[in-house]
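Peer 1: Grabbed the feature section from TrEMBL, which reads as follows:
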COMPBIAS  362-376  compositional bias 'Basic and acidic residues'
DOMAIN    132-221  domain 'Cytochrome c'
DOMAIN    261-376  domain 'OmpA-like'
REGION    352-376  region 'Disordered'
SIGNAL    1-26  signal peptide
Amino acid sequence: MKNLTSIYSLATVCLASLLLWSCGRAGGENTGSEYMPDMAHSIAYEANYNSYYLNNTWDGEEAYRSYAGPRKPVKGTVARGYLPSKYQNLEDYRTSADETHVALQEKVRAMMMADASLQNELTLDSKKELEKVLLEGGHLYSINCEVCHGDKLDGNGVLYNEGEGKYSAKPANLVNEEFSAATDGRFLSAILHGKGMMQSHVDKMSPMERWKVIHYIRSMQAKKNGTEYNPVGNVNVAPTAVSLEESFEALMNDVKAGTVAGEDLKIGLDNVLYSVGKADLKAESYGTLNSLVSLLTANPSVKIEISGHTDNTGDSAKNLQLSEDRAHAVYDYLIGHGIATERLAYKGYGDTNPLTSNDTEEGMKQNRRTELKIVQ
Ligand code: HEC
């Protein structure tokens, strides 16, 4: 009986030491050990993510945070899936680790969407090649996108089915006016990163396959608009209008050279649109505004004034108020996206500052506008 008790005590001591030993601390050269390896939560270094590493409780709060908080990608690299090969400025993105994953993705998205020079990398030399690419692109589209975006690309695939389907989020209509005018970067960004309820499709297709799908989408837009899709010989297929980036850069160069002053320090903000008679920003405005956010972020010393202008229909006092409210809406958007209040001002000019005569519809359209002016 006495022996049995000693065996029990010995066993208890052994078990206790085993338990103590198994939870050895990590530190220095010692990797540490856990009694039961945590196989559910990877401690792999996933750049820019908050990792769920709840089970690291052997150290204090601070050590836990350093494991679980977002970490920067290894020097000279970019977190996977973030950028198309075109962008070479790795350092900016490496050091963005303090931002959340979603904020960073939005930033990259805004940059890609606004970049008219990011164009289909699959260049075509002949009509025959184009036909082949469109056939393959159409095939890839039907495998990867059609269930949601539909065979007409109008956003009404079987999964959505006018809101009656299994999938409640409405997929984008890829052949409407907005997307026909969108840059290639907007499509590539959707494929790489997804958007809203659409998941990333980065692992579904190779880089060139992605461009094939984009060629296919472009060809279907052309078909819908009754035009011919002809990218053969690398004709510029993206919209050719001067982008905000280009006009901003040109203005900044002039500012640095000291060749502009006063009224010339202005740029019109194209595609910043509001609901009729109201100051609510329409969703189509976000592309331009996000580009502006990126430009202001990249040029931290620049201060601007946002101005609102109307045409001359209706009451002047009301127009003045409306233009002020609209400029305010843009101001709020910029602040909401991280631009410091001290760098921004807004003002409504109503109908007092027309660009052209209000006698024609076209003239009135030009006069209803939002502008930015560099004030420093
Ligand atoms: C499971 C459904 C689903 C699939 C599959 C899908 N999408 Fe989407 N897609 C959506 C939804 C939903 C949206 C709207 C997201 C939003 O605006 O919040 C969307 C939006 C988009 C947009 C617009 C993004 C923007 O900038 O506003 C593009 C472009 C797009 N999808 C392309 C594609 C392509 C190309 C494929 C195939 C490779 C694809 N999608 C596959 C559901 C899907």
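Heads up, the Cβ atoms here are built off N, Cα and C, so glycines get one too.
Automatic prediction, not curation, is the source of TrEMBL annotations.
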Peer 1: For the compositional bias 'Basic and acidic residues' (362-376), could you work out the same-chain residues 6 or more beyond its ends whose Cβ comes under 8 Å from its Cβ atoms?
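Peer 2: Answer is 251-252, 255, 265-269, 272, 292, 301-313, 326-327, 330, 345, 351, 354-356.
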Peer 1: Averaged over the domain 'Cytochrome c' (132-221), what pLDDT does the prediction give?
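Peer 2: Its mean pLDDT is 93.
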